[in-house]
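S.K.: The annotation Mg(2+) 1 binding site is assigned in TrEMBL to Glu94, Asp116, Leu118. Among the features that TrEMBL reports, Mg(2+) 2 binding site is placed at Asp116, Asp119, Glu283. Taken from TrEMBL, the feature substrate binding site applies to Asp119, Gly120, Ser121, Ser122, Asn211, Lys277. Annotation source TrEMBL lists domain 'Fructose-1-6-bisphosphatase class I N-terminal' at 8-196. Annotation comment: TrEMBL describes 201-334 as domain 'Fructose-1-6-bisphosphatase class 1 C-terminal'.
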Amino acid sequence: MSSSRTISLMRFLIEEQRAHPHINADLRLLIEVVARACKTISIAVGKGDLGGLLGEAGSGNVQGEAQQKLDVLSNEILLEANAWGGHLAGCASEEMDDPHPIPDVYPKGNYLLLFDPLDGSSNIDVNISVGTIFSVLRCPDGVTEPRVEHYCQAGTTQVAAGYTVYGPSTLLVLTLGHGTHVFTLDRELGSFVLTRRDVKIPAETREFAINMSNQRHWEAPMQRYIDDLLAGQQGPRGKDFNMRWVASMVADVHRILTRGGIFIYPWDKKDAAKPGKLRLMYEANPMAFIVEQAGGKATTGRERILDLQPTALHQRVPVFLGSSAEVDAAMAYHREHDSQS
Ligand code: AFP
């Protein structure tokens, strides 16, 4: 049951709009529309086998990855929900080669929406948490038909970013540039309710998240950093570390937002054409914005992610994010290595 002290997402956004003049009615509508689409995705994910939506779709995306049926459906849900509201100039998705224009029959707005419709999709069939990640940019003035170059803006220009986790509960984590806030989907009310305001990531941690099976492909400073974490109390770091890896970025980042930690998907030499696995525009930038707003750090191991100037829509980058002191420690290994070579 809701009470007068319950803060729904709608009320939160209206209050943010009053407090911060740069948050206008269109941005508020955009967030509400994305949240509504995510509720629909959450229902589809929650049906599991009963919905007949598990398994591969039989298609591939621009990255050459096999698409799951729920990847395709989640993409369609987000596109359809955002087509007609008049708040967007266009959108781009990890699942589509090119930016998606707003159909001519609808009015156009001033924002660009970028999303990974279903992150962690290899976990769908095994009933492990997956999620949606999104990033909001302003469309440059005077541009009515945005092209790739209009989307390729540095992460510092994001006006909002968020992710949902479709897990034991469905969560929406959101930043509009004034802290990072967590909303929980009240399945009886059908609305997202503010459950944690202005979360802060502890600066120190004893937990790291990485896919260790790639160790032999990492560069030297990365090998040394992880060796030292594994050496524990007897090693140079002087403390024992625990490891967790869900392989859904949304779930790994959410754990870090909740109790600290460092998440790493480093550069590796498996495929020289791919500098890391994660996508700058759909994963790294929005997560970096959320993490920084929660007091954490997000870098490539050498540079701040939000300062990177994108050169392509589907560009990949190495990602180190989470507890600030631990991200600094990982960067120090890279700095030391670079200064000696
Ligand atoms: P998808 O977006 O293709 O599902 O990939 C998920 C992901 O990009 C990210 O969510 C995970 O952290 C990472 O891949 C898992 O990668 P590994 O398969 O190497 O563990």
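Including glycine, each Cβ sits where the backbone N, Cα and C put it.
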S.K.: Taking only the binding-site residues Glu94, Asp116, Leu118, Glu283, which one has a CA atom nearest to the CA atom of Asn211 (substrate binding site)?
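M.R.: In terms of Cα distance, Asn211 (substrate binding site) lies closest to Glu283.
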S.K.: Let me know the DSSP-derived helix, strand or coil state of Asp119 (Mg(2+) 2 binding site), please.
M.R.: strand
S.K.: Using DSSP and collapsing to three states, where does Asn211 (substrate binding site) fall: helix, strand or coil?
M.R.: coil
S.K.: Near ligand 1, meaning Cβ under 6 Å from any of its atoms: which of the binding-site residues Leu118, Gly120, Asn211 fit that description?
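M.R.: With ligand 1 as the reference and 6 Å as the Cβ limit, the list reads Gly120, Asn211.
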S.K.: Quick one: of Leu118, Gly120, Ser121, Ser122, which binding-site residues lie within 10 angstroms of Glu283 (Mg(2+) 2 binding site), measuring between C-alpha atoms? Sequence order, please.
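M.R.: If one measures from the Cα of Glu283 (Mg(2+) 2 binding site), no binding-site residues come within 10 Å, so the answer is none.
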S.K.: Hey, what's the Cβ neighbour count for Ser121 (substrate binding site) at 10 Å?
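M.R.: Other Cβ atoms within 10 Å of Ser121 (substrate binding site): 21.
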S.K.: Using the structure shown, find which entry in Glu94, Asp119 (the binding-site residues) has the sparsest Cβ neighbourhood within 10 Å.
M.R.: Glu94
S.K.: Give me the Cα-Cα distance between Leu118 (Mg(2+) 1 binding site) and Lys277 (substrate binding site), rounded to a whole Å.
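M.R.: That comes out at 16 Å between the alpha carbons.
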S.K.: Cβ within 8 angstroms of the Cβ centroid of Asp119, Gly120, Ser121, Ser122, Asn211, Lys277: which residues besides those meet this for the substrate site?
M.R.: Asn123, Ala247, Ser248, Met249
S.K.: What are the other residues, in sequence order, whose C-beta lies within 8 angstroms of the center of the C-beta atoms of Glu94, Asp116, Leu118 at the Mg(2+) 1 site?
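M.R.: Output for this site, in sequence order: Asp71, Ser74, Asn75, Ser93, Glu95, Phe115, Pro117, Asp119, Ser121, Thr132, Ile133, Tyr282, Glu283.
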S.K.: How many Å separate the Cα atoms of Glu94 (Mg(2+) 1 binding site) and Asp119 (Mg(2+) 2 binding site)?
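M.R.: Glu94 (Mg(2+) 1 binding site) and Asp119 (Mg(2+) 2 binding site) have their Cα atoms 10 Å apart.
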S.K.: Does anything in the same chain, at least 6 positions from Lys277 (substrate binding site), have a Cβ under 8 Å from its Cβ, and if so what?
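M.R.: Those within reach of Lys277 (substrate binding site), by Cβ under 8 Å and sequence separation of 6 or more, are Tyr265, Arg316.
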